[in-house]
Amino acid sequence: MPSSSYNFLLSFLFALTASNCAAKNISSSSSPRQLSVDYYAKTCPQLELLVGSVTSQQFKEAPVSGPATIRLFFHDCFVEGCDASILISTTPGSKVLAEKDAEDNQDLRAEGFQTVSKAKALVESRCPGVVSCADILAIAARDYVHLAGGPYYPVKKGRRDGKISMASRVPYNIPRANFTIDQQIKLFNSKGLALQDLVVLSGAHTFGFAHCKQFVSRLYTFRGTNQPDPDMDPRLLKSLRMSCPQLGGNSDIVAPFDVTTPFLFDHAYYGNLEAKLGLLASDQALFSDPRTKPLVLQLGKDKQKFFQAFSAAMEKMGSIGVETGTGQGEKRRESNMQT
């Protein structure tokens, strides 16, 4: 049994399981318009209330739905743009895998997919063939930020759902847990996102969890040194080692990104980086690098500044590669389809 001095993290470790979902597709056309907050004001005015009824219930039943859906939104936007292509299922027997079946997406929680599926079904019952899955995912992500204690920001809508979903396009478009700051900046810049956006959007790790494989190298052989990462608090290191051995172990074990307030959307993430309590190497690097450290310190001291910046950054990310016009995608009747 571990000594009490190392128990501060272990209470937040859980064994988790994953599941899959699949559905069919029915196309629907609509006239082209640009993203706007009131896009569905006439065609589905109750949209946000409908989605909100699903997210609030889902959050009560399974709080992990929050970070799961936000991560789903991130992974969707960074690959083909914010077009819900990550929801598409691979056709049985096909050699071409869809995004959701890419190795980098295997850890995405089922609760994120379930949220969109439930919300889409409810919206279709009231506003058939009107609202895209991409918009529902964007709204649900915002709802969960707010439900967990974060800001409530307006979501611009009018996205159409993408028709292309290929696992082969995922690896070079998703940030890795061991990315250096240079690698993170390059990837974010390729999406039209600036250095500030990188630091601010990383703050989504103020809640949620990561599997051992995402950080185990920091515990034993950081960057090939055969030593643990010197930028990790020794207490955190010992606690994580108890649940994440160098070899073997339970692949379902996870640890919280934020060891202080793991279920709250706040700005504690940044204070944790200053205290060397960042979970991923890519997170802790934000405090080590002189280009990002000043903003980490600012956000760690000012929650409202973080909330305002996060709201703006989510709007910016939510506009990556969006399809808005006729011929640029579709509106699915169900959240998933097959490639």
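Even glycines carry a Cβ here, placed using N, Cα and C.
TrEMBL does not curate its annotations; it predicts them automatically.
TrEMBL has this to say about the protein:
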BINDING   D76, V79, G81, D83, S85, E99  Ca(2+) 1 binding site
BINDING   P175  substrate binding site
BINDING   T206, D258, T261, D266  Ca(2+) 2 binding site
DISULFID  C44-C127  disulfide bond
DISULFID  C77-C82  disulfide bond
DISULFID  C212-C244  disulfide bond
DOMAIN    34-339  domain 'Plant heme peroxidase family profile'
SIGNAL    1-23  signal peptide
SITE      R71  site 'Transition state stabilizer'
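For D83 (Ca(2+) 1 binding site), other Cβ atoms within 10 Å of its Cβ number 29. Within 10 Å of S85 (Ca(2+) 1 binding site), as judged by C-alpha distances, no recorded positions are found among C127, D258, D266. Between the binding-site residues S85, T206, T261, the minimum number of other C-beta atoms within 10 Å of a residue's C-beta occurs at T261. Taking the Cβ of E99 (Ca(2+) 1 binding site) as centre and 10 Å as the limit, one finds 29 other Cβ atoms among all the protein chains shown.
For G81 (Ca(2+) 1 binding site), the same-chain residues lying six or more positions away in sequence with a CB closer than 8 A to its CB are G162, I320, G321, V322, E323. In this structure, the CA atom of D76 (Ca(2+) 1 binding site) is 23 Å away from the CA atom of C212 (disulfide bond). In this structure the C-alpha atoms belonging to C212 (disulfide bond) and C44 (disulfide bond) are separated by 43 Å. Around D258 (Ca(2+) 2 binding site), the same-chain residues six or more apart in sequence whose CB sits under 8 Å from its CB are H205, T206, F207, L264, A268, Y269, N272, listed in sequence order. Same-chain residues that are not part of D76, V79, G81, D83, S85, E99 yet have a Cβ within 8 Å of the Cβ center of the Ca(2+) 1 site turn out to be H75, C77, F78, E80, C82, A84, I86, G162, S165, G321. In this structure, the C-alpha atom of T261 (Ca(2+) 2 binding site) lies 18 angstrom from that of R71 (site 'Transition state stabilizer').
Mean pLDDT of the predicted structure over the domain 'Plant heme peroxidase family profile' (34-339): 94.
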